Amino acid sequence: MTTLRNCGTIQLPRQAFPPRHSITLLRHLALPVAGSFTPRLVSVRRRSGRRPILFVETDVPESVSMTDSNSIPSSAHPAYTEIVVVRHGETEWNADKRIQGHVDVDLNEVGRQQAALVADRLSKESKISAVYSSDLKRAFDTAQAIADRCGGIEVRALPQLSSTWASYFQVIKEPGLRERHLGDLQGLSLSEAAKGSPEAYEAFLSHKTSQDIPVCYMSITIFGVFLTLYWIVVYWKGGGESLDKLYERSTSSFQRIAAKHRGERVVVVSHGGTIRSLHKRACPSERPAKILNTSVHIFHISDVDEWTIKSWGDVSHLNQTGFLESGFGGDRTSG
């Protein structure tokens, strides 16, 4: 990898991109040769609805061996993948203690601030190779903040042209990282769920991991001919996942990501219930501490599929914003 230091800012041509969107090369990258140089903008490839790719070049002596040995080192080892797991930022439904499940709820203002802070924190740590996210907006928007802050410009060598190219991280959506589907309970507070859908609520709180959230229905009785009693059963909304189903899909997604990025450090943004399942896979006999919004959890997944938790529940980056001590959705009522 060709690496650069203190190259300042590339200002895109007005016709290519709005000038306010200047792009700064990562300052933690370094070219292993004395002196300084300036990259030249060769071209811009515009892409509909996406950030452009910048093509830059610079003269590099043939005697120089290209390396990224002076870059911020990755903490990952070739024998394992380091996955930094982050819970999404706060939403209004978190603050109101409403069950979200698969309902696509946006981050609120606090959540956006939390996302910016965790992004800033991760940008100062070891190099990230990729950012994955649940496809629900609250997770994806948190992941996008991280990708924007940590991606900067990745500069790779094109030896045959003695040039470099630059691009942004793209958040990779992974539906398997979604929150647990909670059927009829989604959108309700716990008190509303207990009164309006008692069977589903009981299943939600059950310690039986194979227990699905049952389909809820409304029964109507009518009298027909000769006073025969008929029941009309009208089904509505539908059931949700058991903890076992959540465990299977979330750990499978996690394993696929780990296998794809062996020896690298990647970020995964997900949800309270999903992260609890990942903890169970790594530490089946332990109960996890509460999972607060934008809390950071670091896993190592070895090449023989051994899972180790290196740190859990770090929210030190939230000192400026604060967070909900109740952290609704971060315990066994996660949703």
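Cβ coordinates are placed from backbone N, Cα and C, and glycine is handled just like the others.
As recorded in TrEMBL, the features of this protein are as follows:
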type	residues	note
ACT_SITE	H88	active site, tele-phosphohistidine intermediate
ACT_SITE	E179	active site, proton donor/acceptor
BINDING	R87, H88, G89, E90, T91, E92, W93, N94, R138	substrate binding site
SITE	H271	site 'Transition state stabilizer'
TRANSMEM	217-236	transmembrane segment
R138 (substrate binding site) versus recorded positions H88, E179, H271 - nearest by Cα:
H88
Within 10 Å of the Cβ of T91 (substrate binding site), how many other Cβ atoms can you find? Include all protein chains, please.
23
Find the one among the binding-site residues R87, G89, W93 whose C-alpha lies closest to that of H271 (site 'Transition state stabilizer').
R87
Distance [Cα-Cα, Å, rounded] between H88 (active site, tele-phosphohistidine intermediate) and E179 (active site, proton donor/acceptor):
11
When you measure from the Cβ of G89 (substrate binding site), which residues in the chain that are at least 6 apart have a Cβ under 8 Å away?
L107, V110, G111, R112, Q113, Q114, A115, V118, R138, D141, T142, N293, T294
At a 10 Å cut-off from the C-beta of H88 (active site, tele-phosphohistidine intermediate), count the other C-beta atoms across all protein chains.
31
In Å, how long is the longest CA to CA span across R87, H88, G89, E90, T91, E92, W93, N94, R138, which the record gives as the substrate binders?
15
Nearest recorded site to the residue listed as 'active site, proton donor/acceptor' by CA-CA distance, among binding-site residues R87, T91, W93:
R87
Please identify which of W93, E179 has the densest Cβ environment, defined as other Cβ atoms within 10 Å, among these recorded positions.
E179
